[in-house]
Amino acid sequence: MSHRIAPSKERSSSFISILDDETRDTLKANAVMDGEVDVKKTKGKSSRYIPPWTTPYIIGIGGASGSGKTSVAAKIVSSINVPWTVLISLDNFYNPLGPEDRARAFKNEYDFDEPNAINLDLAYKCILNLKEGKRTNIPVYSFVHHNRVPDKNIVIYGASVVVIEGIYALYDRRLLDLMDLKIYVDADLDVCLARRLSRDIVSRGRDLDGCIQQWEKFVKPNAVKFVKPTMKNADAIIPSMSDNATAVNLIINHIKSKLELKSNEHLRELIKLGSSPSQDVLNRNIIHELPPTNQVLSLHTMLLNKNLNCADFVFYFDRLATILLSWALDDIPVAHTNIITPGEHTMENVIACQFDQVTAVNIIRSGDCFMKSLRKTIPNITIGKLLIQSDSQTGEPQLHCEFLPPNIEKFGKVFLMEGQIISGAAMIMAIQVLLDHGIDLEKISVVVYLATEVGIRRILNAFDNKVNIFAGMIISREKLQNHQYKWALTRFFDSKYFGCD
């Protein structure tokens, strides 16, 4: 369903390590690099984070049955160098058949090649959901049984590129309006027949006579009447024969250039989130930094000591994490109840914490440092996982996978855990994932041990200052200008905690 290809070395150099080189990012005040961000122009304007999967690049590939659409689509998917590319076949949207139509289908008397045979309304709804960054379910169709597979769907979320292929991919105006690039694969109908016979007999268990009968009665007439005219809707027409390599490569290069522009724009927006007017973000009532008590300061000192061994580091971090979590739990949902004391006295309308209304989502892997403390604080808590990593070439954050508790939107409080926040890019993306799953922003609380002011500023600007952040230690911009605090720009907590340093 998705393809992970090694990144190309030919990248725009001005964007390499924008989000990874935290020293440059912070000391230049989310700096204006290569003229990419004008702080004066952004002053007074509100910024809002738009994740890359909210604006996926959608490619439609149409053509007659057997023209080679699937081969062209597979070539594009394997070459465009985007990990989260989804290939969707319109064959999955064939309408389910009743008993009579199924009997006709097995006799090769049912017309699968007319437009009404495909549920284009459902196809449009699913593609629109992907275009809007929402989770969607793609049905699965079985040509062996001539029906949709019961209770089986392909769940898609977070796609950056969507490739739609099918005989009517370029037919419906609503689908065409969602596409960024439309391709028609042209082939002689005799070639289409030969390919179709090979495919249907080998892959779909059909007999030769039935295939030829269906071709002459339904496939060929509909190809001439309905499919061929969709050629006029295409942005590019390529031949389906073996000599189409040049045409396909030209299209692939065009797609790559468009995707690189899209990636660069994503990075520009992330940088812009940190370029708001220099107001004091650390004094807002939604930012909660652990009070610097003697115990807390001592724990900070021990955790930052290079000579502390792994076992002691884990012990002291768990201790500090428990303090931090206990502080964050002051805000959890409560209910009123009646209890009986050990002395058999009744207490009415007292407050009880609803721990079953609390869940946590760890950002792998630094968020996993909180696992022990979470289990000690709320033993039966449900925990989800998100894996977000930066592209090694561009620094762009990318969602690799998400494992969230069922019905997570019904919880009253969701803790989003991370060991360190430096640029804030991964946390911003993680919050957006939760929002896409129906969680109210007010229910989300970020829990982090170490954070920079730059990262916090980005998070607040991305979500209109509505995210509560509980931090063990926050490093201000002024402190970062002091070389003694340069250690705060290096990720080390998860490596130290898990003994990987």
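Using N, Cα and C of the backbone, Cβ positions are placed for all residues, glycine too.
What Swiss-Prot records for SER17 (among others) is phosphoserine.
Swiss-Prot lists GLY63, ALA64, SER65, GLY66, SER67, GLY68, LYS69, THR70 with the feature ATP binding site, giving sequence analysis as the kind of evidence. For the recorded site, LYS69 (ATP binding site), the DSSP three-state label reads helix. A C-beta separation below 8 Å, combined with a sequence spacing of at least six in one chain, links LYS69 (ATP binding site) to ILE61, GLY62, GLY63, GLU165, GLY166, ILE167, ALA169, VAL185.
Annotated phosphoserine per Swiss-Prot: SER276 (among others), in sequence order, evidence recorded as a large-scale study or a structure entry.
The Cβ of THR70 (ATP binding site) lies under 8 Å from the Cβ of SER89, GLU165, each on the same chain and at least six residues away in sequence. Neighbouring residues of the recorded ATP site, listed in sequence order and excluding GLY63, ALA64, SER65, GLY66, SER67, GLY68, LYS69, THR70, comprise ILE167, VAL185, ALA187, CYS192, ARG195, SER240 (Cβ within 8 Å of the Cβ centroid).
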